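Student: These came from TrEMBL, pasted as-is:
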type     : residues : note
BINDING  : K648     : ATP binding site
DOMAIN   : 160-278  : domain 'Bulb-type lectin'
DOMAIN   : 396-432  : domain 'EGF-like'
DOMAIN   : 446-520  : domain 'Apple'
DOMAIN   : 619-906  : domain 'Protein kinase'
TRANSMEM : 134-155  : transmembrane segment
TRANSMEM : 562-585  : transmembrane segment
Amino acid sequence: MLSWEIREPFNVFARSISLSTSNLSFCISDGLYEMDRRDRDNFTDCEFSNSALLGSNTQHSVEPCATQVILARDRSKFSNMRHLPSCRFITYKELRALHGPKASNTQHSVEPCAMQVILARGRSKFSNMRHLPFCRFITLSVIFLLSIPLLVASVPQDILSPGSSISVEDNSNMLVSPNGLFSCGFYEVGANAFIFAVWVNQSIGKTVVWTADRDVPVNGRGSRIELRDGNMVLLDFNSRLVWSTGTTSGQVRGAKLLDTGNLVLLGHDGSRIWQSFDSPTDTLLPTQPIAANLKLVSGKYMLSVDNNGSLALTYDTPEGHSKYWPRNINATPFSGDQPQGLDMLGCISAGNHIRYCASDLGYGVLRRLTLDHDGNLRLYSLLEADGHWKISWIALADSCQVHGVCGNNGICRNLMNPICACPPGFVFADVSDLSKGCKPTFNISCDKVAQAYFVEIEKMSVWGYNSNYTASTAFDVCRKSCLDDLHCEAFSYQYGLGGCTLKSSLYTGGFTPSEISITCMKLTADAAVQNIIDYKPHGPYLSCQGRGFSTSADTKAFQWNYLYMPIGSIFAVEAILFPLAWCFLRKRKQDSISRNDGFALIRDHFRKFTLKELVAATAKFKHEIGRGGSGVVYEGILDDGKKIAVKKLQDMVQGELDFQSELSVIGRIYHMNLVRMWGFCSERGHKLLVFEYVENGSLAKLLFDTASTTGALLRWEQRLRVALGVARGLAYLHHECLEWVIHCDVKPENILLDEELEPKLADFGLAKLLNRGKDVQMLSRVQGTRGYIAPEWASNLPITGKVDVYSFGVVLLEIVRGLRVSDWTVVDGEEEEVEMVFRTTVAVLKERLRGEDRSWLPGFVDPRLDGNFCRLQAAAMVELAVACVEEERSRRPNMKLVVEKLLNFL
């Protein structure tokens, strides 16, 4: 039997050749004698071209049969082939002698074995080889024609034609996308169990991104996928129909797997009659939209488009769907009406002009958006180097926010990983699988209602089916409503608002330090409450009886308390009526005094201005000199002639105490590279801050003003001093303040320059204030300016001082280049995404910095400097900036280290 095996895709005539006929085998090592130059070039990449391969553990081995012939240029090639003692070796020179004019007298003969093969370009080459009667002669053209059907059978298909099929027993029989990234065929999920799926070839474990019917695997023998009558069907071993596309069109040309991973049925006109993108499982691929009628499902969790047109995660319960994401928006708003889904750039369009972006934003990365089995939505990026996936975005950083993560009645606490526990009176339903929740150790029936009581779990949020909600309700009324309702298992009560929520079922709970409501769970006297949990994160469980209510045993005494309480209250009011009246009359006078006392800690540093003073100083806020996310800045002159900058704060939702608390921090901050605060005004709802006036305005005006040549005034030495000053200011905020202050909006507009061009960082202290060493788990909105925002803002990760390091790195590159980062987006006359162009530029800089050649620096540094800069310093600044803008924040230096590096090369 003649066989021809191609081990790589068939491009030219051959790459790795093994020809065998029963016990006959012939290998080509370095090429063929008596072939013209063009044909020999076709064999220069042959796997056996280096005969040393035959002496190694190459996978393209030759069977050591007694009748093999190895052809090489000289006998030195055979030195590593001693493990093939039975093979015949022949050189080109010897072969030439065999069929040359003096062939009969040649000394270099080959034993005339019965099964040798001589391969030549044409039969005319065999005319001088008649003295080898036992050899087989075959031409290249004959081999090529014989091998065509075998080549087709061994190469994966790119289209499944009508009437053809894919068998589960042939693991090489599959569809492969033209770019080779995806394959479609039978995927093994267990012993003798397979699913028809699409998977990623380059990933470890061949990650599945779509399945026809993941819940019904088919047998490992006899199962097949067929395309017949315009319908793709999945049949089990007994020809039982398991799944089908449900199409009946007779115009189907075939099934094809596209480069995007989309499996489609194509019509003769090229139209898509059916596509897998319209029936996703738990994964979305780039360019795959999710319409209102589509959804991702993983267990009891689902991602779909809600009634508001936004993507939402829900938990499926017997009572209905419970939405748990998004809880609040922490995403990047964008303009335009895009369909929900994942784009090639790495952004998830969630509807209503909201999108979430990957930390490794940019093209050229294979990503997938997967709803994992734990109910969390994650965006994965494929690392081509090792085939592993990395998480580049996650919907919920706190896994305990996922409903049902600990099962019905379970309580979740996030300590690096979710920890499940049971509330008092409950035990785990299955200790080997805590996600199955907790079951009660008691039973509340009609005859046991009188024995019911409540226990409170502090700082716990409970999600469940709300059977009733009542606003402005007294606590005792709320408690009694749950007690009288046989189906009520717990109630939540919000103090101050009086919100009462009765819950007929509990499917998850989580500890929330900021929770303002309390949760009381109903138990009976026979409930086993001891040893139910192995930790007490918020102290002992408190009986809700201690809040002024009791069980039915003392209901009568409880009702008498309501009678006596109003009478006692009347006497109490009369006893203190006169002092209250006196305090009320003095309230307005004391209000101003008490408010000033609130600033006692900072009155030595700056003064309080009246609103009238600042209105006069700014000429009724006439001269605007700046505008930012926190407010508008106006120029002003005080009565003594001192120039000031007055910031009118906007969207300030803090109360007076919070405002005072922030000012007590800002007022104590003093550094030569930070804009000095001179005072404040808090009057009639207006909140204003008074700062020193910085003469030369912002760095942005001096650096980016293309309408004039003022940018050239910043010489190279001055730019270095600006960079060092800004770094020192940030280092002071991060490492030396009493409170850890994150700026959150470092950009050239917030860097002011005084008369000596000394930089002063403005607009600090108005973002989130943190205790040193802690993270912000979630801020109300994304802080900062596009182009300067660190990737963790879009990834829903905790915010640390490394966001300022990232922004500083961007500013440092702008100082070197003299061009705003948003202007880097114009490439070949076309505008591209800011993030994509920036990441591409950084990648190019990294590659260039690895080498010793610095000839590229003049083309990168601001051309207005006319080459007047130090190349060593420029290269060091670029290298430092690239380190600061690392996507993985753990790789970024802190600001103290940045200052040290700047000092080293200044």
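Easy rule for this one: first residue shown is 1, then count along the chain.
Backbone N, Cα and C define each Cβ position, glycine as well.
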Student: Please list, in sequence order, the residues in the chain of the residue listed as 'ATP binding site' that are at least six apart in sequence and whose C-beta is under 8 Å away from its C-beta.
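Tutor: Sequence-distant Cβ neighbours: F621, G631, V632, V633, Y634, H686, K687, L688.
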Student: Tally of helix, strand and coil residues over the domain 'EGF-like' (396-432) according to DSSP?
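Tutor: Within the domain 'EGF-like' (396-432) the tally stands at 3 helix, 13 strand, 21 coil.
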Student: Using DSSP, how many residues in the domain 'Bulb-type lectin' (160-278) fall into helix, strand and coil?
Tutor: 3 helix, 58 strand, 58 coil
Student: According to DSSP, which of helix, strand or coil covers the residue listed as 'ATP binding site'?
Tutor: strand
Student: Taking only the residues in the domain 'Apple' (446-520), give me the average pLDDT of this model.
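Tutor: A mean pLDDT of 75 is what the predicted model shows over the domain 'Apple' (446-520).
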